[in-house]
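According to TrEMBL, the protein has these features:
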DOMAIN    1-380  domain 'Major facilitator superfamily (MFS) profile'
TRANSMEM  33-52  transmembrane segment
TRANSMEM  64-83  transmembrane segment
TRANSMEM  89-111  transmembrane segment
TRANSMEM  120-144  transmembrane segment
TRANSMEM  156-177  transmembrane segment
TRANSMEM  198-223  transmembrane segment
TRANSMEM  235-256  transmembrane segment
TRANSMEM  268-286  transmembrane segment
TRANSMEM  292-315  transmembrane segment
TRANSMEM  327-348  transmembrane segment
TRANSMEM  354-375  transmembrane segment
Amino acid sequence: MAAATLVLTFLASGTPIPLYSTYRLEEGISNSGLALTTVIYFAMTALSLLLLGRLSNHLGRRPVGIAALLSSIAGGLALMHVTTLPTLITGRVLQGVACGVASSALGSYVIETAPEAPRWLAALITSIVPPLAVPLGALLSGAIVEYGPAPRQLTYTIMICALALGVALLLACPETVERDPRAAARGLRPQVRVPAGAGRPLFVAGLVAVATWSLGGFFQAFAPGLTADRLGTDNTFVVALVFASLSVLSPVGGALTGQLGPATAVRLGLGVFATCAVVVTLAVRAGAIVPFLVASFVAGVGQGVASAGGMRGLLARTGADDRAGALSAVFLISYCGAAVPGLVTSRLAGHVSLVNITVGYAVLVVLASALAILAGRAPGPRAEPTADGVPVGEA
């Protein structure tokens, strides 16, 4: 149930993305406006993590998780009535808060309720749910918008009903932490905790997040313009496919890490991801949709390998009391890695071509990937084996 509600929150967050094309054509919201919306969404998610990421340690995983689902429901209600940019931003702010809170509270809930075997399952779920569930939500929404009735309401109605069901089911689940509401105020103080001995794994996991999430933010903000202006179609489902192609195969890559050490997975995954980012850039320049999609799908596999490897390396160094703080740190870096480049491109979108913006993102991906690989190889403390037999410092 913990995993299902985490998935639902991020599925709902993906539903507006195909409608960006509709808002662009029917409401006159510009590429810059859509990019700004994406930046604000990521910023609110990061801010929620920073301020609210530790609340579930004191109030419980379930109550905070339910609050996240309710925020997502409110966001869906707002997005059903988008006619202006402020309304769109309001809906995305509420969804951003939901995702930020869910990342920590429900992510920790997943880890604490996961089965003993396979040991990598919890790391896989927490690392791939955001990059997988958001594009799946976009694909479902894109199909409904393009081929179903009431395109601007039906997709939100479905997700609101699913989220309400998630609230009801979560109410019936057991709590996994001892509540201490009197200490909740301390949890509101901005603090990102780096567990003792986890500095290097957190640095590597953060660089993996910057490399993968920055390009994901680009796809989210610019998929409508990219599809129409460079790839030759304004079909809403194709817009969703372009956005989803980058990360929808992440679970495939994540599943491949079961027999790989964390550092090996990071090196292999980021090598594939960075190479595919360069191919994506060449495809955008050529206006070739098939090579674009192929490279994006393969990049998604690489993303899954690298993300799961980075998360496994971090969790191996993190105790139970530090899990929520460590997950908050990773997700905070992830959303900042998407928001900061997005803020820059939102200001440049009216003056710089999509081709040049794509080149800039590819350069960022390559640099972050290279740093992560180098950091993973740097000498550190002597490796000690974990419970699943994988050395913590394995390279």
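Glycine is treated like the rest: Cβ placed from N, Cα and C.
Contact check: the transmembrane segment (268-286) against the transmembrane segment (354-375) gives at least three Cβ pairs closer than 8 Å, residues 6 or more apart, which meets the contact criterion. Between the transmembrane segment (156-177) and the transmembrane segment (64-83) there are 3 or more Cβ pairs closer than 8 Å, counting only residues 6 or more apart in sequence, so the two stretches are in contact. In the predicted model, the domain 'Major facilitator superfamily (MFS) profile' (1-380) shows an average pLDDT of 86.
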